[in-house]
Amino acid sequence: MLLPEVRRSKAILQQVLRKLSEQKRANLLYATLKTIEEDGGIKLEDSNCTVGISTCARAKMWQQALKLLEVMPEMKLQPNVISYNATISACEKGGQWPQALKLLEAMREMKVQPNVISYSAAISACEKGGQWPQALKLFEAMRKGKVSLDVISYNATISACEKGRQWPQALKLLEVMPEMKLQPNVISYNATISACEKGGQWRQALMLFEAMRKGKVALDVISCNATISSCEKGGQWPQALKLLEAMPEMKLQPNVISYSAAISACEKGGQWPQALKLLEAMREMKVQPNVISYDAAISACEKGGQWRQALKLFEAMRKGKVSLDVISYNAAISACEKGGHLRQALKLLEAMREAMRTAATSFNR
């Protein structure tokens, strides 16, 4: 239907492609370009293919984006840095880090100079694929190749280190940013705090959190949650509670992650009354407790020898239709065992086995 229209002029073709791109109709845009290319009635231009690749990238259609890039030489079109960047970005969004690296290599072979966008997209692809050594390798290649580094490059590399539990590397990258005349933003700090949290470095996480406040970097819920989680993993329940309580003063609304991390901190610190208070506070604040919130509170009661409270929470989960998991059952069973109620423990064990059998049957259907 579109072919007679676009045959009339390149301007109409460009208009049609732009409209399809705005409407995010990647499949139709891709089909239109393929039809025009096969028809041969009008010669496609670099910009037409780039629009198609970019639209496919936004739709996470990395295969189609790659195909458009590959057919460009057949159409006597030379892929440029914009075409390659859009395709690398498509691979990044599609979780295809090996393809992103291949494209970066292809750019060099085709004498197309990768720029900061090319490298940043490839680093992000490696970050999403959990390939932190590759991300650092690309970052070093940027420095050696004298490609201008920007905040996005640093953030993507710090995030890759965070996912790879490489907190010293993440911290080093954050610290060097001001030396490079780059201002770390909330993403830079959040990723580094999360790296410290994963590495059990609660003191470093708190220091970074304070640096954000002093440096007037806009804190968000993620900043607070990552720092609370750091305190939880470090067994620092008073610090975790202090941060949770300070969130409203910072004009931030604690969410289920904030509360769950604080409850876990209380559980690890043997503070079952505090854990129960937080669970109650969630309901008052209209924050729906999830399986993590309940599991942590049940474990806190188990450690505090409060088997009745543990069972009460377990029943609340069932009545509230919160999905029970192995941790829920194990914590409740352990609480009963510590309270000397072996019959109740065995009853829960049988209920867990029955739940697992039901789940397995449903899965196999």
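Using N, Cα and C of the backbone, Cβ positions are placed for all residues, glycine too.
Bear in mind that TrEMBL entries carry predicted annotations, made automatically and left uncurated.
Taken from TrEMBL as is:
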DOMAIN    188-360  domain 'PROP1-like PPR'
REPEAT    80-114  repeat 'PPR'
REPEAT    115-149  repeat 'PPR'
REPEAT    150-184  repeat 'PPR'
REPEAT    185-219  repeat 'PPR'
REPEAT    220-254  repeat 'PPR'
REPEAT    255-289  repeat 'PPR'
REPEAT    290-324  repeat 'PPR'
REPEAT    325-355  repeat 'PPR'
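With a cut-off of 8 Å between Cβ atoms, the residues of this chain six or more beyond the repeat 'PPR' (150-184) that come close are 116, 119-120, 123-124, 126-127, 130-133, 135-136, 138-139, 142, 191-192, 194-196, 198-199, 201, 204, 208, 217. Counting residues per DSSP class in helix, strand and coil order gives 26 helix, 0 strand, 9 coil for the repeat 'PPR' (290-324). Using DSSP to sort the residues of the repeat 'PPR' (185-219) gives these counts of helix, strand and coil: 26 helix, 0 strand, 9 coil. Counted with DSSP, the repeat 'PPR' (80-114) comes out as 26 helix, 0 strand, 9 coil. Residue counts for the repeat 'PPR' (115-149) by DSSP state, with H, G and I taken as helix and E and B as strand, are 26 helix, 0 strand, 9 coil. Residues of the repeat 'PPR' (255-289) grouped by DSSP class, helix first, strand second and coil last, total 26 helix, 0 strand, 9 coil.
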